[in-house]
Amino acid sequence: MRDIKIVIAGPRGRMGREAVRLVQQTDNFHLVAVVDHKNDGGSLSDFDGFSGLDIPVYSNIEECFQKVEADVLIVLTTPEFGMLHTKTALSYGVRPVVGTTGFTKENVNELEAICKEKGLGCIIAPNFAIGAVLMMKFAQLAGKYFNDVEIIELHHDEKLDAPSGTAVKTAEMIAEVREAKQQGHLNEKETIAGARGADFDGMRIHSVRLPGLIAHQQVMFGATGQTLTIRHDSYNRASFMSGVKLAVDTVMKIDTLIYGLENIIE
Ligand SMILES: NC(=O)c1ccc[n+]([C@@H]2O[C@H](COP(=O)([O-])OP(=O)(O)OC[C@H]3O[C@@H](n4cnc5c(N)ncnc54)[C@H](O)[C@@H]3O)[C@@H](O)[C@H]2O)c1
Ligand SMILES: O=C(O)C1=N[C@H](C(=O)O)CCC1
C-alpha cells in the first residue's frame, strides 16, 4: 500500500482529534502538518492531548503547502474556513477530503470545476458514517414510492450549521427520484415562524439541537394508512473514521470531485 502524506485542518476539534488518532493508527498514513488558527510555527504536541506528536502547526494554509509536501488535506474546520482551505489545497495539487459541512451547491460546483481543470481528486462527504450513508440510500429508495417526506436531523448544540449537511444531502438524493410535491395542507399557515421547518423542494427539514446528542437523523415517509421511518444514530465520532479512511484511500485514485460517500461504497 502506498504511503499517503496527510495534513489535517482543525486537529483540535471534535472530529479533528479523532482524525489525528486515525492517521496515527494507520500504517501507510503519515501526518506531516496540521492547520490551526492557534500556535503558528509551533508543534501539535504543544496542545493538550497530543503529547509526543511533534508535527508542525501552520495558521496560514498557503505557507503550510509551500513548506510541506502533502498528498491529502483532511478538512475538519468550521464552515467559514472550509471552502478556503479546500480551494487552497487544490491550488497546490493536494487532494482534499472534506468533512466540513455547510457548503452550498455553488461551492460544490466551483470545486468540481477546479478538480476537472486540474485533474485532481476531491471527496466531499457530508457524513462519513457508513450507516448514515446507507440511511440516505434507503431513504432515496423509499422516496421513489412515497412523495411525502419529513427529515428530522438531531445534533449536539455546538453545531454551527443548520440544516445539517447530511439532511441537505438526503433531501437532494430523494429529490432526484421523488415526484415533486408541496407537502401539508395547501392553506397551512405557521402561527410561529419556522414551525414547519425548512422547505427543500416541498419536503420539510427540521433541525434539533440539544446537549447530549452527537449526530442523528430520522427520515419519515407517509402515505395513506402507513408511515415508514428510517433512522441512523452516531453515538460517538469514532463512527465517522472508517469513512474518513475510505475517502483518503479513494481520493488518491480519482481525478474528479465526488460529493457523497454513497458514490464510492460498493
Ligand atoms: N462529514 C462528517 O461525517 C462530519 C462529522 C462530524 C462533523 N462534521 C463537520 O465537521 C466540521 C467540524 O466539526 P467538529 O464537531 O469537529 O467542530 P469543532 O468546532 O469541534 O472543530 C472545528 C475546529 O476547527 C478549528 N478552526 C476554526 N477555524 C480554523 C482555521 N481558520 N484554521 C484552522 N482551524 C480552524 C477550531 O479551532 C476547531 O478546533 C463541522 O463542519 C461539522 O459539521 C462532519
Ligand atoms: O457534528 C456535526 O456537526 C456533524 N455534522 C455532519 C452534518 O452536518 O451532517 C455529519 C454528522 C455530524
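Each residue, glycine too, has its Cβ placed from N, Cα and C.
Per TrEMBL, the features are as follows:
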DOMAIN    4-128  domain 'Dihydrodipicolinate reductase N-terminal'
BINDING   G10, P11, R12, G13, R14, M15, G99, T100, T101, A125, P126, N127, F128  NAD(+) binding site
BINDING   K38  NADP(+) binding site
DOMAIN    131-264  domain 'Dihydrodipicolinate reductase C-terminal'
BINDING   H156, G165, T166  (S)-2,3,4,5-tetrahydrodipicolinate binding site
ACT_SITE  K159  active site, proton donor
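When the recorded positions K38, K159 are scored by other C-beta atoms within 10 Å, K159 scores highest. The shortest Cα-Cα distance from P126 (NAD(+) binding site) to any of the recorded positions (K38, H156, K159, T166) is found for T166.
The two recorded residues, R12 (NAD(+) binding site) and K38 (NADP(+) binding site), show a Cα separation of 10 Å. Least packed by the Cβ count within 10 Å, out of the binding-site residues G99, P126, G165, is G165. For the binding-site residues R12, R14, H156, the greatest number of Cβ atoms within 10 Å around a candidate Cβ is found at R12. With DSSP classes pooled into helix, strand and coil, the tally for the domain 'Dihydrodipicolinate reductase N-terminal' (4-128) is 49 helix, 28 strand, 48 coil. Taking H, G and I as helix, E and B as strand and the rest as coil, DSSP gives the domain 'Dihydrodipicolinate reductase C-terminal' (131-264) the counts 44 helix, 39 strand, 51 coil. Listed recorded positions near T166 ((S)-2,3,4,5-tetrahydrodipicolinate binding site): none (candidates G10, R14, K38, G99, K159; Cα-Cα distance within 10 Å). The recorded positions recorded for this entry are K38, H156, K159, G165, and the Cα of G165 lies nearest to that of T101 (NAD(+) binding site). Each of the binding-site residues T101, T166 was scored by the other Cβ atoms within 10 Å of its Cβ; the lowest score goes to T101. Comparing F128 (NAD(+) binding site) with K38 (NADP(+) binding site), their Cα atoms are 26 Å apart once rounded.
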